[in-house]
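One structure is given below, encoded as C-alpha cells.
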Amino acid sequence: MGCDRNCGLIAGAVIGAVLAVFGGILMPVGDMLIERTIKKEVVLEEGTIAYQNWVKTGTEVYRQFWIYDVQNPQEVVANSSKIKVKQRGPYTYRVRYLAKKNITHDPENHTVSFLQPNEAIFEPSLSAGTENDTWTVLNLAVAYNNTADGVYTVFSGKDNISQVAIIDTYKGKKNLSYWPSYCDMINGTDAASFPPFVEKTRVLRFFSSDICRSIYAVFGAEINLKGIPVYRFVLPSTAFASPLQNPDNHCFCTETVISNNCTSYGVLDIGRCKEGKPVYISLPHFLHASPDIAEPIEGLNPNEDEHSTYLDVEPITGFTLRFAKRLQINILVKPAKKIEALKGLKRNYIVPILWLNETGTIGDEKAEMFRKRVTGKINLLGLVEITLLSVGVVMFVAFMISYCACRSKKVK
C-alpha cells in the first residue's frame, strides 16, 4: 500500500515536471512559430494579410479642414497690426477609399510599384458648412480629386522582412531634389505599415509627400485599441526644431532672413516643392513653434490633444491601425512695393491659411479579423504556455512535498 502511494506521488511529480518542461520548451518554439508566421503574412505579395489590407485599406479615412478667417484685413494693411483670425470648420472629405492603382511586382528586386489615388468626397453631415461658403479656399480641398500620389516603389519584404514597405523610390528617384545633403533622402515607409516586431526604442521613419520630406515618430504610450494592444508613436517637437535645438535639421533651413538666421522653429519652408510659392508647413495653431512665429497672429490656441500627429502601431505586425495626421498650411506675406495691398506693410507675416486633420481607425470588422488571425492566436499560445508551466510546477512541488512527507513518517 505504501509502495503504491509513493509510486503514485512520484508519478504525479514526474508528470508535473514533464508538463513544466513542455511549457518551458513551448515558449521559444511558440515564439519561433509566431515569428515565422508573421514574417510570412506581412510580405507584400498576393495571399497575405498585409497585401490584402495594403491594396485597399479597410479603414475609413477622413480629411478635415479648418479655414482661418481673417477678422481685420484693412487694419493689417493700413497699420501692420497683428492679424486676428477665427477658425471655421470642419469641412470634411472622405479620402483614400480607392484601391492602389497600377500595381506592378518586380520579383528580381523584390519591390512593388503603385499609384495612390487621392480622390475626395465631401461629407456634408460631418461638416460645419458647404463647399460654397464664401470665406473658404474652395479648390484647395477639392484639388485632391482626379489626382494620384506617386509612383511609389516599395520593398515587398520577400527576401528581407526588415525592409518590407520601405520606400525604394518615389517618382522614380531615391532623392527629392528639394533639400541639401541628407535632408533630401526618402526614408522609411509611407506610414501605413512598418517592418514587424516594433520595439519601443525604435524610431519610425516615414515619408510624407504633403510636407515634401521624410520625418519620424517616437514612442509615446501603450494603448488598447478595440481589444488590440498598440504602441502610440508621436511626432516629436524636435522634428521641426531649429538647427540650434536639433543640429540634424540644419539642411532644412534654406534661408536666413525669415528664419532669423535659422533660430526660428516650428515651421518649414516648402516653397521649393511648390513651384516657388511662399508656402510654409507647421503643426496646427503653430504648436511647438517659436514665439516670433505666432506673435503676429491672434486667435490661436495650440494644444497637444487636438493638434499633434500620432500613429497607433500594432507592434508584432507593424501595421498602423489608427493615425491622426495634423498639418497647417501657411503663406509668407511680406512688404511688396508693386502690390497695392502689401506696399504699406512694415513686417513679415507667416499667415495661417488652414489646418487639416487626416484620421483613420481600423473598422470593427477588420479589428475582429485581426484579433482572430493575429493577436487571438498569440494570446492563446501564451496562455497555453503559462498554464502548462504553472500547472506542471505546482504538480511537481505538491507531489514531491507529499512524497517527502510520506517518507518522513515511514522513517519515524
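Count begins at 1; order follows the chain as displayed.
Every residue gets a Cβ built from N, Cα and C, even glycine.
In TrEMBL, annotation is done automatically, which means it is predicted and not curated.
Feature annotation from TrEMBL assigns ubiquitin cross-link to K409 (among others).
The annotation ubiquitin cross-link is assigned in TrEMBL to K412 (among others).
The feature disulfide bond is assigned by TrEMBL to C183-C251 (among others). A C-beta separation below 8 Å, combined with a sequence spacing of at least six in one chain, links C183 (disulfide bond) to R213, N249, C251, F252.
Long-range neighbours of C273 (disulfide bond) (same chain, six or more residues apart, CB within less than 8 Å of its CB): L176, Y178, C212. Per TrEMBL, the feature disulfide bond maps to C212-C273 (among others).
All protein chains shown were included, and the count of other CB atoms within 10 Å of the CB of C262 (disulfide bond) stands at 16. The feature disulfide bond is assigned by TrEMBL to C253-C262 (among others).
Annotation comment: TrEMBL describes Y403 as site 'Critical for TLR4-TLR6 dimerization and signaling'.
Per TrEMBL, transmembrane segment is recorded for 7-29 (among others).
The transmembrane segment annotation in TrEMBL covers 380-406 (among others).
A simple way to gauge crowding: the CB of C212 (disulfide bond) has 19 other CB atoms within 10 angstroms, across all the protein chains here. When the neighbouring Cβ atoms lying within 10 Å are counted for each of the disulfide-bonded residues (C251, C253), the highest count belongs to C253.
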